[in-house]
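Colleague: Pasting the relevant annotations from Swiss-Prot:
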| type | residues | note |
| --- | --- | --- |
| ACT_SITE | Asp14 | active site, proton acceptor |
| ACT_SITE | His42 | active site, proton donor |
| BINDING | 13-19, 41-43, Arg308, 334-336, 416-418 | GTP binding site |
| BINDING | Asp14, Glu15, Gly16, Lys17, Asn39, Ala40, Gly41, His42, Thr130, Arg144, Gln225, Thr240, Arg306 | IMP binding site |
| BINDING | Asp14, Gly41 | Mg(2+) binding site |
| BINDING | Thr302, Val303, Thr304, Gly305, Arg306, Ala307, Arg308 | substrate binding site |
Amino acid sequence: MAKNVVVVGTQWGDEGKGKIVDWLTDHSQGVVRFQGGHNAGHTLVIGGHKTALQLIPSGIMREGVACYIGNGVVLSVPDVLREIDKLHAIGVEVPSRLKISEACPIILPYHTALDVAREVARGDAKIGTTGKGIGPAYEDKVARRAIRAADLLNEKRFAEKLRENLDYHNFVLANYLKVATVDYQKTLDDALADVPRLKPMVGDVSSALYAAFNAGANLLFEGAQGSLLDVDHGTYPYVTSSNCVAGNASTGSGVGPGMLHYILGITKAYTTRVGSGPFPSELPTDQGVGKHLATVGHEFGTVTGRARRCGWFDAALLKRSVQINGVTGMCFTKLDVLDGLETLRICTGYKLNGKIVDIFPVGAEDAAACEPIYEEMPGWKEATVGAKTLEALPANARAYIDRIEKLVGVPIDMISTGPDREETIVLRHPFK
């Protein structure tokens with residue numbers, strides 16, 4: 001019987017999901033994106049060649065694997081077409097293998113204009129968005145005024161909806177945000193020019209996924225960002241605009257929750273965050289261990305190029321993530337970045353409002369007030385890069401992994417020891 005796996009980030013994103021999704025596509029016939037947009041990147045290293053993707057599922061790099069963009073994704077048509085062209089240039093054929101949900105909300109220039117203008121207006125209180133229009137596009141979806149992929153294929157309907165939306169959003173841009181408005185005719189013409197390329201890929205993704213599964217296909221649901229950026233469960237308001245947790249694999253693609261059989265939580269061996277928001281175990285990245293993590297871990301955003309904030313591993317944060325996702329097993333990534341550190345620290349809980357708590361709180365205010373409680377463990381001098389078995393890891397590295405398993409209560413089923421596909425230790429295969 002076919003089996004479906006959901007891959008989610010358990011921290012604030014950038015956990016190394018792209019490589020693991022690519023590795024797992026060896027055992028899947030379809031890969032599905034179910035939330036987010038072109039605001040989150042995933043980097044694959046295959047045979048030493050690096051490929052960065054933002055919208056198209058990582059499975060596209062595996063010949064014969066079908067890829068799906070579900071209704072939970074907000075779609076920038078120019079960006080998905082640019083990604084297709086970039087892949088075509090390295091010999092990867094996309095259009096015949098990619099299906100885009102007709103219910104995807106479309107990101108248009110006024111969404112980007114609103115996103116950028118709002119961040120400028122917030123000043124020091126900015127959220128740290130990528131400025132790509134993701135949030136405003138989700139707002140339109142919830143307000144029931146989104147232009148969806150199916151609308152774009154109907155020129156008359158699209159033109160009417162676009163005019164109505166621009167009347168509304170241009171009023172806000174001009175009168176509240178005091179910035180330039182967006183031109184109707186140019187927006188209309190540019191969008192319609194992309195329709196001939198887009199149209200063959202648009203369809204009923206929900207039915208396609210059901211048909212594939214019933215025909216025996218294993219499906220892999222690829223989450224973007226991280227669970228603590230979830231709009232409901234993250235450090236609100238310092239969150240993204242979508243649900244990043246595993247449950248959204250169902251609503252964001254059109255399959256029932258009973259079709260989600262295994263939840264793989266991708267967990268970095270230390271903690272990082274991009275942009276604003278609380279981060280209890282954060283370290284300064286201009287010195288000491290923080291600098292080591294940032295430098296050795298190459299901690300710069302795939303999409304924005306922004307330097308990531310770095311800190312010690314936070315087991316209390318991971319407990320929250322395991323809880324909200326129903327994680328079956330974890331994949332531990334970037335263990336090799338810790339090589340050479342004499343002492344490691346694990347955050348096991350916090351002092352918060354005069355009490356000791358052992359799980360990350362809900363919302364930014366309490367999270368910002370947390371004082372981390374640390375447990376120290378000895379590090380290791382030996383290299384872990386490229387290790388293929390658990391026994392090949394240094395004893396102290398194995399002890400570090402064991403301790404995290406005990407603190408969180410979920411097994412570590414996979415360990416990534418480098419960026420390439422082959423640099424992976426499998427203790428329990430998610431698809432088996």
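Each Cβ is built from the backbone N, Cα and C atoms, and glycine gets one as well.
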Colleague: Counting distance between Cα atoms, which of the recorded positions Asp14, Lys19, Thr43 is nearest Ala307 (substrate binding site)?
Modeller: Asp14
Colleague: Using DSSP with the three-state reduction, classify Gly13 (GTP binding site) as helix, strand or coil.
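Modeller: Going by the DSSP assignment, Gly13 (GTP binding site) belongs to neither helix nor strand, so it counts as coil.
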Colleague: Using Cα coordinates, what distance in whole Å links Thr43 (GTP binding site) and Arg306 (IMP binding site)?
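Modeller: Arg306 (IMP binding site) has its Cα 15 Å from the Cα of Thr43 (GTP binding site).
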Colleague: A 10 Å Cβ contact count, applied to the binding-site residues Gly13, Gly16, Gly305: which residue has the minimum?
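Modeller: So among Gly13, Gly16, Gly305, the binding-site residues given, the one with the fewest Cβ atoms within 10 Å is Gly305.
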Colleague: Looking at the binding-site residues Ala307, Leu335, which one has the fewest other Cβ atoms within 10 Å of its own Cβ?
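Modeller: Each of the binding-site residues Ala307, Leu335 was scored by Cβ atoms within 10 Å; lowest is Ala307.
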Colleague: Just name the winner among Lys19, Arg306, Arg308 (the binding-site residues) by count of other CB atoms within 10 A of its CB.
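Modeller: Highest number of other Cβ atoms within 10 Å: Lys19.
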Colleague: By CA-CA distance, flag whichever of Thr130, Gln225, Arg306 among the binding-site residues is nearest to Leu335 (GTP binding site).
Modeller: Gln225
Colleague: May I ask for the distance between Thr130 (IMP binding site) and Thr417 (GTP binding site), taken between their Cα atoms and rounded to an integer number of Å?
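Modeller: Taking the Cα atoms only, Thr130 (IMP binding site) lies 29 Å from Thr417 (GTP binding site).
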Colleague: Which whole-number value in Å describes the distance between the Cα atoms of Gln225 (IMP binding site) and Gly13 (GTP binding site)?
Modeller: 4
Colleague: For the binding-site residues listed here (Thr43, Thr417), which one has the lowest count of neighbouring CB atoms within 10 Å of its own CB?
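Modeller: Per-residue Cβ counts within 10 Å for the binding-site residues Thr43, Thr417 bottom out at Thr43.
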